[in-house]
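Before any comments, here is the structure.
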């Protein structure tokens, strides 16, 4: 569709805002390509003459229909851009109390900074054996997909957990390990899975430190390998890489950013 067809009266858009980052607005007059002003009205009724052009702003992002807002997979949105992603995550978190959202095979998680009752054994049982798209987004769904593909394809699987400081990477990794320990428990009396989980406090004792957002924030990165038997029971684990941020363990910065962690399951030959 052309610009003239997209930016018509009553079309809803997102405009940048210094305080709220993005604000919703509605076009009050049809826009013709090449015009320097886009006439808008903010949600509070305030009129806005939005400057557009090569030396001003680009045309604003279009808003998604209300029926799509709150989708559990961001790829289902008609328009996938920064304000659409942030708004969808905000609606899911504030209105539905959902901290997890898919973006294709990637799981986006919002750190609620409180304990949620969504990680018990009954939840693990509910996700065990299920397809990733059949259940609500959850770290257990990513873990189950990796576990299932390992058993089906007999190939190594990797789960990458990334995010900024305070996003909840360490906790997400621990919940994934808890899932594997529950569904892939050892067949012997050695309780290997309990030993794997018990190693976390040791690493955290060495590599955790206080930040402006978190009193017990991980200042290290690690690559953990969990070994499974032919019957898919845990037989051991080892830490291949341990990257300690020495300066951040002994020194607290004045500010620490925070965002959402992303979890993705990948296959390795």
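Each residue, glycine too, has its Cβ placed from N, Cα and C.
Copied from TrEMBL, the annotated features are:
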- 163, 164, 165, 166, 167, 168, 169, 170: ATP binding site (BINDING)
- 69-269: domain 'Myosin motor' (DOMAIN)
Fewest other C-beta atoms within 10 angstroms, as judged across 165, 170, which are the binding-site residues: 165
Around the Cβ of residue 167 (ATP binding site), the count of other Cβ atoms that are within 10 Å: 22
Neighbour count (Cβ, 10 Å) for residue 168 (ATP binding site): 23
All-chain count of other Cβ atoms within 10 Å of residue 164 (ATP binding site): 13
Residue 163 (ATP binding site): tally of other CB atoms within 10 A of its CB: 20
Mean per-residue pLDDT computed across the domain 'Myosin motor' (69-269): 82
